[in-house]
């Protein structure tokens, strides 16, 4: 789901049917959001008409009405449509994340030249990496804030540092000003990367939670691609970076405005006692038939875990929360040490060896591959499940790494070696985007309890940012000391370890409501 690099800063689940009967009357509520008025779950009716027809012969089917089985072949399920506009607004925060990743990919040289620290690699690295410091702090404070204010208000509050950070950076005329702007942006991003997967997991219908959850990864990919395309003029205009940073403030305004019309999480509403509001949201997003059962499940979980709104950090040391926190932190450590940052950084040099000298063009190839993998994940995650995608993703990453090791470590024809390196790089990025990226951020809130979900996600993402920083800090030194082959072999080994960890410690959450998962976890201390 999201990876970052401290140098270049890359970031870093049945058969369907179409309902042909539609409601003829829509009941509006003063508490119904604007989105929900236009995107409601259609009533699902089955109407079977019995017709007396002449029995067809063995060779021809002359029935005037197609069978249900035949209709199902051409059917499409639109049950996700009611939730889609709301989670799309939330995923705009990931678009901002991707955009801020890509916006520093090339212009850092122009920024350093204009602000007077050109050639100082430490200061250039600081401008990029201070983003991670802000994100680390943001991920820690996200949980307590969402417990108090809810998701919509927390999103809106932390668009303020995103907008201010972009504007301060765009108008910077000194090193201190650009550092301040980047820190503010990181702070907002740190909060949002925690909030988005939780919000989607709590708002999306159970059946579509995985597919809608991949919008996090898709949004990040689109943000990176957009920033790279917008950055093309930067090669000829040394001041273009200011325009790019001004543009970075605009999605923040759209996110704040969109959240004014998006729904609040029904689980949070129930937790703070706003039961009627929760019922309205459930009716509009999940359908009227789900209201009573959902509220009953919410209250059952609240009764089981206690009615106190705010959880304490020390609760993460108690079972079963400690196990989920361990899984979440470990998955992010393995994700980062499997080498996604290093591969993304070194991909520019890999493409240069085959004649693609433009860093923006190379990054665009990588971004498109990442986007393609995320689209595949959105299709597969609710069909194959989270666990299969996670294991398959890491196995694909391991194979890709060992392919690159073979290409650089064995005496091969130069053209063949370069082709294998490119193939291995693109295979690795695609494999990451199909599982290790989107599934990691999705499965952690699914396994977490309603009471501690925000804090477990905050802890897991703080581990992510620390691991991200360490990999970016030592990657180039390790390559210089041991060579690319050895470092990539270690990435492949960690990928194998991650696949084994996913097999042993993660469990399948596909098709299970968050309440069902939580009650299972509390009653048996496992989810199997």
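Every residue, even glycine, has its Cβ placed from backbone N, Cα and C.
Nobody curates TrEMBL annotations by hand; they come from automatic prediction.
These numbers come from a predicted model, not from an experiment.
Sequence annotations record features per position, and here TrEMBL assigns domain 'Major facilitator superfamily (MFS) profile' to 86-510.
Here TrEMBL flags 78-102 (among others) as transmembrane segment.
Within the chain carrying the transmembrane segment (122-143), a Cβ under 8 angstroms from the stretch's Cβ atoms is held by residues 4-9, 100, 104, 108, 111-112, 154, 158, 161, 175, 178-179, 182-195, 454-458, 461-462, 464-466, 468-469, 472, all 6 or more beyond its ends. Taken from TrEMBL, the feature transmembrane segment covers 122-143 (among others).
Using a Cβ-Cβ cut-off under 8 Å and counting only residues 6 or more beyond its ends in the same chain, the transmembrane segment (155-175) has close neighbours at 90, 93, 96, 115-117, 123, 127, 134, 138, 145, 149, 181-189, 191-192, 195, 199, 242-243, 245-246, 248-249, 252-253, 255-256, 259-260. Under the heading transmembrane segment, TrEMBL lists 155-175 (among others).
Taken from TrEMBL, the feature transmembrane segment applies to 181-200 (among others).
The annotation transmembrane segment is assigned in TrEMBL to 212-232 (among others). Long-range contacts of the transmembrane segment (212-232) within its own chain (CB-CB distance under 8 A, at least 6 residues past either end) are made by residues 1-2, 10-11, 13, 80, 83-84, 87-88, 90-103, 105-107, 196-197, 200-201, 204, 240, 244, 247, 360, 363-364, 367-368, 370-371, 374-375, 377-378, 381, 433, 437-438, 441-442.
Taken from TrEMBL, the feature transmembrane segment covers 244-263 (among others). Sequence-distant contacts of the transmembrane segment (244-263) (same chain, at least 6 residues past either end, Cβ-Cβ under 8 Å): 33-36, 85-86, 89-90, 92-93, 95-96, 99-100, 103, 107, 152, 155-156, 159, 162-163, 166-167, 169-170, 181, 185, 188, 203, 227, 230-231, 234, 281, 284-285.
What TrEMBL lists as transmembrane segment is 324-344 (among others).
Marked as transmembrane segment by TrEMBL: 389-408 (among others). If one looks beyond the transmembrane segment (389-408) by at least 6 residues along the same chain, the residues whose Cβ comes under 8 Å of a Cβ in the stretch are 13, 334, 338-339, 377, 380-381, 416-418, 420-421, 423-425, 427-428, 430-432, 434-437, 439-440, 443, 484-485, 488-489, 491-493, 495-496, 498-499, 502-503, 506.
Sequence annotations record features per position, and here TrEMBL assigns transmembrane segment to 420-444 (among others).
Positions annotated as transmembrane segment by TrEMBL: 456-476 (among others). Long-range contacts of the transmembrane segment (456-476) within the same chain, counting only residues at least 6 positions beyond its ends with a Cβ under 8 Å from a Cβ of the stretch, are 2-7, 12, 129, 132, 135-136, 139-143, 190, 193-194, 197-198, 316, 321, 324-325, 328-329, 331-333, 335-337, 339, 341-342, 345, 444-445, 448, 487.
Within its own chain, the transmembrane segment (482-505) has Cβ neighbours under 8 Å at 327, 330-331, 334-335, 337-339, 342-343, 346, 387, 390-391, 394-395, 397-402, 404-405, 408-409, 436, 475, counting only residues six or more beyond its boundaries. Under the heading transmembrane segment, TrEMBL lists 482-505 (among others).
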Same chain only, please: residues at least 6 beyond the ends of the transmembrane segment (181-200) with a C-beta under 8 Å from a C-beta of the stretch. Say none if there are none.
1-2, 87, 90-91, 93-94, 96-97, 100, 127-128, 130-143, 145-146, 151, 154-155, 158-162, 164-170, 172, 209, 212-213, 215-216, 219, 245, 248, 252, 265, 441-442, 444-445, 453-454, 457-458, 461, 465
